[in-house]
Structure formats: structure tokens, C-alpha cells
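Over in TrEMBL, the protein carries these features:
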type	residues	note
ACT_SITE	H81	active site, proton acceptor
BINDING	D82, V85, G87, D89, S91, E103	Ca(2+) 1 binding site
DOMAIN	40-344	domain 'Plant heme peroxidase family profile'
SITE	R77	site 'Transition state stabilizer'
Amino acid sequence: MASSSSPFSRVSQLAVKATILAAVCLLLHGGGGSSASAAELCVSYYDHTCPDAYKIVQGVLVEAHKSDPRIFASLIRLHFHDCFVLGCDGSLLLDTFPGFQSEKDARPNNNSARGYPVVDAAKAALEKACPGVVSCADILALAAEISVQLSGGPGWGVLLGRLDGKTSSIAGAQNLPGPFDGLKNLTLKFQAVNLDVTDLVALSGAHTFGRVKCRFVTNRLYNFSGTNQPDPTLNAAYRAFLSTRCPRNGDANSLNDLDPTTPDTFDKNYFTNLEKNRGFLDSDQQLKSDPGALTTTAPIVDRFASSQDAFFKSFAWSMIKMGNILPITDPSRGEVRKHCAFVN
């Protein structure tokens with residue numbers, strides 16, 4: 001595991017935090033197109049009610065990582081999948097029960113999204129220290145930042161104060177940005193939650209660490225767009241390597257590194273891979289190779305590939321923006337769940 005000071009310089013990391021912390025509390029006016037009343041999220045939200053919240057979540061994640069090197073990437077993905085459906089309300093964490101179908105059952109999440117037991121462990125530790133105080137939605141936001149920082153990426157001031165939602169939307173979860181989406185669809189899905197193309201490219205950079213199943217690349221290797229040919233944008237040497245990892249009619253669930261160069265480190269190598277046509281997912285390579293990318297996303301990919309500092313700063317800010325999608329702060333609409341998988 002990379003230390004939080006490498007490969008990103010400590011000076012740059014502190015600069016990111018200083019920028020974000022310059023406004024300790026941010027007044028949100030229903031981000032993501034909401035007409036809800038103004039809601040205040042604040043970095044210092046738990047300073048008096050649960051001052052050790054950050055350290056408690058961090059301790060749980062450090063322990064979990066000892067037996068699961070994938071967990072950091074998995075936790076940031078949970079936050080992403082939660083925020084894009086109904087906003088950052090912890091709805092993804094709810095279990096299915098009679099009369100209630102969970103977002104966990106949606107195609108993009110079922111047998112794919114992972115890390116729920118670690119979130120539950122963090123919740124249990126927080127309930128022991130500060131009962132009924134820290135929401136599950138805020139745990140996801142904290143876990144995402146901690147996961148990135150412990151993997152060598154930037155830190156940012158996590159705005160807190162979200163309540164947990166009481167419902168979920170499996171229909172919304174079916175329409176998450178996906179690995180087979182083209183650039184146009186990706187852009188529209190991000191625009192729907194008030195995120196722009198810079199956010200799209202920056203947040204896609206989270207694929208700089210983690211693992212992915214063969215079933216998400218086999219079409220690029222053997223039958224791209226129904227042509228019975230490989231994806232022409234895929235680097236030939238990389239294609240040959242992936243073909244040994246994911247042979248035709250092989251195990252579709254076999255895991256591969258999203259970034260074959262530094263698979264467990266949060267760095268800019270995701271973008272240098274795209275520059276060389278070595279993006280694993282079609283949706284990733286589209287950011288550089290789609291004809292429409294020339295004047296939209298490709299220049300951003302180029303900028304991040306040449307400057308890790310630029311990537312880290314943009315990523316931190318985009319995570320703040322994503323974390324502000326439709327937060328629930330009205331107690332009549334939300335709650336602090338006792339258990340993340342169930343409403344109170």
C-alpha cells in the first residue's frame with residue numbers, strides 16, 4: 001500500500017486540502033437540480049457530537065485492507081453508485097425485504113458492488129462511540145476520501161451532515177454510468193446530476209486502482225460492436241496480454257487490474273494508459289478515442305496524463321461536487337439509521 005505522501009507530494013496534497021477547507025461550511029442549494037430548501041453540509045459537522053468519527057472510520061478501513069487489498073477501490077465505487085441514484089443518501093446500502101426492492105439488486109450492483117460488511121463495521125464502531133449520530137451516507141463519503149488518501153491520492157475536506165434516505169430506486173440504479181456506455185451517454189448521465197465533462201474525466205480516474213471482471217472486456221477482445229473483430233482502439237500488445245488473462249469462452253468472472261502498471265496506487269497512470277490505448281473498459285478509452293472526445297474530454301485526459309497535481313486537484317473538487325448531489329438534511333425526509341441495511 002502506498003503511503004499518503006507518495007507519489008503525490010505532501011505540499012500539493014496540503015494545497016488541495018487548503019483549497020477545500022477555505023470554506024469550512026458550504027451552503028448548498030439543492031445540488032443536482034433539486035428544488036429543496038438550502039441545506040448546509042459542513043466539514044466540522046461532527047466536531048462536538050462525534051469528534052473521532054474520521055479516525056474511527058479510518059481504523060476500520062485500515063484493518064479491512066489487511067485482508068482485502070481491493071477494498072479501497074470498492075468503497076469509493078459504493079459512494080459513486082449511491083450518489084448517482086436519489087443523491088448521496090445511503091439508499092444503496094438498504095437490503096431488499098418483502099415489498100421493498102433494493103438498489104443492490106440492480107444489474108450494475110448485483111454481484112458487482114462490494115464492501116458492504118466494511119461499511120457495517122464502521123457503522124457499528126461509530127454507534128459504539130456515538131450512538132445515533134453519524135449517518136450511513138456520511139460514512140460512505142468519509143470512506144471514499146480515506147480510501148483515496150491511503151492509496152496515495154489526495155485528501156479533501158469531506159462535507160458532512162447528510163441524513164439517510166428511507167427509500168431506494170432500483171430503476172435509477174439500472175441507469176448508472178456503465179462500462180459499455182459511449183461518450184455521449186456518459187456525458188448525459190453526468191449532466192443529469194449537474195456534473196460536467198471535467199468531473200466525468202476526473203471521477204473516471206478512480207479506475208486508477210481496483211479490479212474488474214473479464215466479462216467487461218471480452219467484447220473488446222473478440223467481438224467489438226458485433227464485428228467478430230477486436231476493438232481497433234485497443235493497443236495490440238495490451239490486447240494480446242488481456243487475451244491470455246481473458247481467453248475466449250474463459251471464466252467471465254476472472255479478475256484483472258484496471259491499471260496494470262500500479263494496480264493498488266492512486267495516481268495518474270490511468271490517464272497515461274488511455275494515451276497509449278491501454279484502457280481496460282470501453283467507457284474509459286472512449287474519453288480519449290471517441291471522435292467526439294477531440295474537443296471535449298481528450299484534452300482533459302491529456303492534461304491529467306501530464307500532471308498528477310492537476311488530476312488530484314480536479315479529482316478532489318469533483319468528489320466534493322459529487323458528494324453534494326441531493327443531500328437530505330430535513331429530518332422529516334431522512335434519519336440516522338441504526339443499521340445501514342435497514343430503515344429505523
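The backbone N, Cα and C atoms fix where each Cβ goes, and this holds for glycine too.
Curation does not apply to TrEMBL; its annotations are automatic.
Neighbour count (other Cβ atoms within 10 Å of the Cβ, all protein chains): 21 for R77 (site 'Transition state stabilizer'). Between G87 (Ca(2+) 1 binding site) and H81 (active site, proton acceptor), the C-alpha separation comes to 9 Å.
Take the CB of V85 (Ca(2+) 1 binding site) and look out to 10 A: across all protein chains shown you find 27 other CB atoms.
For D82 (Ca(2+) 1 binding site), the same-chain residues that are 6 or more apart in sequence and have a Cβ closer than 8 Å to its Cβ are C88, D89, G90, S91, L92, L93, A137, L140.
Packing around E103 (Ca(2+) 1 binding site) is summarised by its Cβ count: 26 other Cβ atoms lie within 10 angstroms of its Cβ, all protein chains included. Between the CA atoms of H81 (active site, proton acceptor) and E103 (Ca(2+) 1 binding site) there is a gap of 9 Å.
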